[in-house]
Amino acid sequence: MEAQNSTKSTTREEGPSSPSKVACTETRKVQVAVNHGQGYIWDVRDVWHLWRNCRMVGCLVGSLPRHPHQSCTLGLPLRLLPEEVTLLVEEGLGETVRYKEMEEKPSQTLKDTFSECRERCYKEQVQEAAIQRREQVKRMADKILEGKRKKFLIKQKEKNEEVNGSETNGSVEEEFTLTREDVIQEEEAKLQPLPQHLQIVEVFTRHPLLDQLTTERCPWPYPTTQEERVRYKVFCDLWHQGHYLTSGIKFGGNFLVYAGDPHLYHAHAIVRCVREQQLRQGGEVDLVAATRVAASTKKTFVLASLDNDGQVRYRSYHWFEEVEEEEEENMDENDEEL
Amino acid sequence: MKIMIAVREVLWEAGSKHGLSCVGAPSARPKLMYAHSVVIPVQNMSHVGFTRRKTVYELLTENVALEFLFCGPYMPNCWTHGENVSSGEELLRVRNRDQTLLPSSEKVDEAMGSWMEEKMVESRLQEHRTLLEEPKIARKDQLPTGEWLPESQMVKLTRPGKFWHHMGVETDIGKCLYPEEAVYLIDTGELEVVYDGLPLSLQQAQSVLLQDAHHLDQYLVYSHLTRTGCKVVRHQPHLIFTKYEKDIRLDQHQASRKGTKLKLGSNKASHTDDSSQSASQCKPVDAALEELYACLGDAAVNPLTLEKNGAGSSVSTVTNSSKDKEKESWKKASQSSQEILSPHEIKRRELIEMFPTMAGSEIMCVDVEHVDLLPSNSIPSKKSYRISIEALEYYSVYETRHHYHYESQSHKNRNRKESWNHSRDARWDSYGRHSNWQSRDDSYHSYGYRERERDRDNRWQHSRSQRDSYAWREDRSGWQDSANDSSWRHYNDPDCDTRFRDRFGDSEHDRWSRDRMESRDRYSGPDYDMGFSDRHSDSPQPQDRDQIDYSMWPEWKRKRRPRSRQQGRDSYPSFMVKLRTRVTSWKEYKNALAEMDAKKQLARGSTRVLWEGRTTPLLTPAAISSSASSSITSLSSTLLSCNLNAAITDVEAFRNLIPQEARMKVLYDVYLPTATYKKSNPPSPNKRIVVIRDGSMPTPGQILELTSRFVDGVVMVCAVVKDGEVRLYTFSPITLPPPLQSAS
C-alpha cells in the first residue's frame, strides 16, 4: 500500500498541470467539474483517489474505450452524487470547478497549442512506427532469411534443370551468401515513414488542454430543501462511520450501504431518509413494500431520520414470514448491525 | 508465471492441477480441502493478456475464484498521465491492444476483512483503473468527422460513418446529427466533432452540445439504450398506423416521403426544430404537416391556418389567364405540402414566385377572356367578375362529394381536376365521411357564410386529428395521377367541348364531357355562371352581380333538384330541402325539417356553446316537450342515439382535459436490436420513450393522456434518470386475467 502511494505521488508530481503540486499530494484536491448542475470527475487519478482513499464510489456514465457498445462496465466520466460533492467540499478533499472557456469558441492560442500537440504526436508516431517495424524485422529476420534461401534454391534448381546437360552444378550453391544482417538492412532500406492518413488520433474524453483554461470556483448549493438536508446529514453520518454509499434508486431507497468496496461486495442495507413529520404520519403500506423488497434482496431496510437534536436515528426493519407479514421494529440507535 | 493458491492467510503451492505451472507443495492438507481461490502474482496488469486470463477462468472450476495479486508497486508504464494528451508512442501501442472484456466478476455477500479480500478489492480496482485509463483511438482516415453548428444546434457531418445507417437526418445543409447522437459517438470514439477548428472532447461536448440538465438526462437515456444495441431515433410523429392500416399495408405506402428534408436554413433551424417538437405533443400528423408547410415558405399557405384566420378578407386582382396557373401553383403547393419531390422542387418554387399568392385573400377579381375563347352560349355581362375563394372551395367540396363514388370506380383515369379538388379538399371529404353530412347540409342551407365558417371551425377542431390523418393519405393517392395541364381551363368553359374534342381526340375525353355535364349546373354560381345566364330568367340582374351577398344561399343551389343528373339538362333544380335521411312520407319530411330548424335555433341561441362540437346534450328542448306524452320511448331513443363505445374511447376528451404544456413529450422512438430499421422507410417503432423531467412523477391524468394518444398500440416507456442511472418503466394497459371458475 505504502509503496503504491509513493509511486502515485511521484507520477502526480510530474504533472505540470496541477498548480498545487508543491503541497503534499495527500491534500491535492479532487477537481469536480460541474456541468449543468451535476458533478463529474474526468481524471482517472481523481477517480482512483476517490475510490482508494475517500470511500466515494460515484457512478460511471461514459463508454469504456476498449468496448464501447455494452453497458456492464462503463467508463469515464464518473458522475458523483450531489451528497458526495458536498461532502468532498466540506471535508476539503475536493473543490467544484468550472472552466470559463469551455463553452466559448476556442481562442487562437488554444487552437495553436492543439495543432502543435497533434503534430508532435504524429512525429512521435512516425518514430515509434519505425522502431516497431525494426523490431518486427529483427524478430522475423531468421524466417525471412530462411524463406529467401528456399526461394533461391528453387530458382537454382530450375536453372540447373535448364542447363542440366551442358554444365555441372557444383559452383552454384555457394552463391547464397546472404546473412541475417543483410536481410535486416535490406528491410530497413524499404522502410517508409508512417503516412499522414494512417496516424492514430485520440478521441478525447477529458478536455485535452484543461490546464490552459481558466478555472473558476463553482458554487455548489446542494442541500437546499429540507429533504435534501436530511439526506445529506444521513450520508455524512454513514460515511463517517466508514461505510461505502451509492445511490439507492435501484432498490427504491436513497442510498445503498456497503461494508466494503462495492467493487467486491454486495450492499447490505437500503437506507431511506425521511423527515420526522413523515415518520409520524406513518405510511405502513410503503414500509411493508420497502421491507419486502429488502428481504427479497437479502438486505436490511433502514429508515433514517433526524431527531430533535439534529442527530441521525436509524430504524431497521426486518420482515419475518413466520410472523405473518408483521414487521418487527428494532431500534438501533447506533446502527451497530450495519 | 507462478501460480499460488491461497486459502485465507495460508499460502501453499499446488501442482499442475489446473494445467498451469505451479511451484512448491501445500503446507496444509490440500487433498482434503478444495482450493477456493487462485492468486496469480504479476508485476503489472498490462503484462497479463486478457485472453489468457479468460482461458484461466475457463479452466478453473466454479468453486475456485481467480484473482490477480499485485506484488510489485503499481506502475502505469503504459500511460504517463502527467499530461492530458497521450504521446504518439502510447497511441501506436494501443492500436494492437486486446479488445476482449472480462466477464464481470462475482461479488461477495459478506465482508470478512481478510487479507485475501483486501487483495481482491485491490486487484479489481487496479483492473478497472487500467480499463479507464486507456485512450480512445481511431485511425485518422477511418474516423468520421463533423462540425458543430451552434446556430442550428446540429452537427454537420463532413465525413459520415457507419452510424449513418440509423443516426442523423438529411437536411438542406447536408447530413446532420442531433446533439445527443454526436455526443454519444464522441463517447464511443467513433466521431470527431470540430468546433471552430478544435476537436471537442467528450467533456466539452457535454457542456456545449447539451443545453441543460434535462437535455443531459435525455442524453443519458439515449446512450443507455443505444449501448444495449437498440436503435434510438427522434420521435417520428407520422408513424402511426392502426392495426387495420397495417393489415391493408397502408404503412408501407409511407415510402413516398423519402425525399423529405429537415429545414435548417440559417437561423430558423432551432425554431423549426422546437416547433416540430412542441407540436408533436397532441397532433402528431399535424406537426409533420406544419413542419412541411414551414418548409414551403409563404407561397404555400397551410390551408389549415388559412381557414382559421379567414375573417380578414382582402381583395387581390388576378387575370384570368394567370388564374389557371395560380390554381396550378396552388395545386402544386398543396401537393408538395404533403410531400416534397426534389426534382420538382425548383420548378415549383419558380412557379410560386411568378404569381401573386392567394394567401389570406378571400375575393378575387377575374377578367373575362376574349369572346372567341368563351363558350358559344355564354354572354358575359361584365368585363371582370369577383369570385369568392371560399365559395369556390365550397363548390369543389360539394362536387367532391358527388364524385366520390365515381372515383372509386375509375381510379386509374382520374383526371386532374378531381385530383385538384382532392388535394385541396380531401380533408373536407374525409370529414364528410366521418361526421354527419346532414347537419352540414342544412347548416349550409340557411346560415350565412360567416356562421358556416364558425360552425366549420368548431368541428374542425374536434375531429382534426382524424381528418388530418385521412387527408394525408387521401392526398397522396389523389395527386399521384397526373393529367394534362389543360384540364383546368378545359373545365372552366365546359361548353366548348367540341372544340377540345377535335384537339384532344383521346379516349379520356368522353368521360370528360360526361363529367362536365354533371358538374356544369353545379359549378356555375350566380357570379360565375356564363352558360346559364341566358336560360334562367330569374337569375340575378347583371348590376347586382358584383355585389355578392354571402348571407344568401346561392340561387342555383336552392333550385337544384337532387336527381337532376338522371333527368337531363333541361330539368330545373328543386326547391325542396335535401335530407340526408330517407323519408317515406310528407309527414316525416316535415318532422325532419322542423327538427332541423330547431337545431338551427339552438345553434344560434345564447346557449349555442352547448350545441357546438362533438359532444352535445342528449335531449333537445323539442324532445323534452314531446316527452311528456311518451317519456319512455323518447328516453330509449335517446339512449340509442348515444354511441356508448365512442364515449368510452373518446380520446379527445382526455386531450382537452390536460393542458398542452402539461402533456408529456414523446422524445424517442426505439427499435429493438432484432428489428430491421431503414431510415428511408422506417417501420413502426417498438417503443416510444418519454423522459421524465426533474424527477417529477407523472400524474394519472398525464399517463392516461399519454397512453391514449396513439392508436397503434406501441408501448410507451417512461425513463427516469436519477444520479446517472437510467430506469425504464412501461405504461401499458393490461387486462387482468379473469378469476378462475371453480369446477363444479
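From the backbone N, Cα and C atoms, a Cβ is placed for every residue, glycine too.
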Region 'Disordered' range according to TrEMBL, out of B:457-514, B:515-572: B:515-572
Stated TrEMBL location of region 'Disordered', expressed as one of B:310-342, B:409-441: B:310-342
Secondary structure composition of the domain 'tRNA-splicing endonuclease subunit Sen54 N-terminal' (B:130-195) [DSSP: H/G/I, E/B, coil]: 20 helix, 26 strand, 20 coil
Average model confidence [pLDDT] within the domain 'tRNA-splicing endonuclease subunit Sen54 N-terminal' (B:130-195): 88
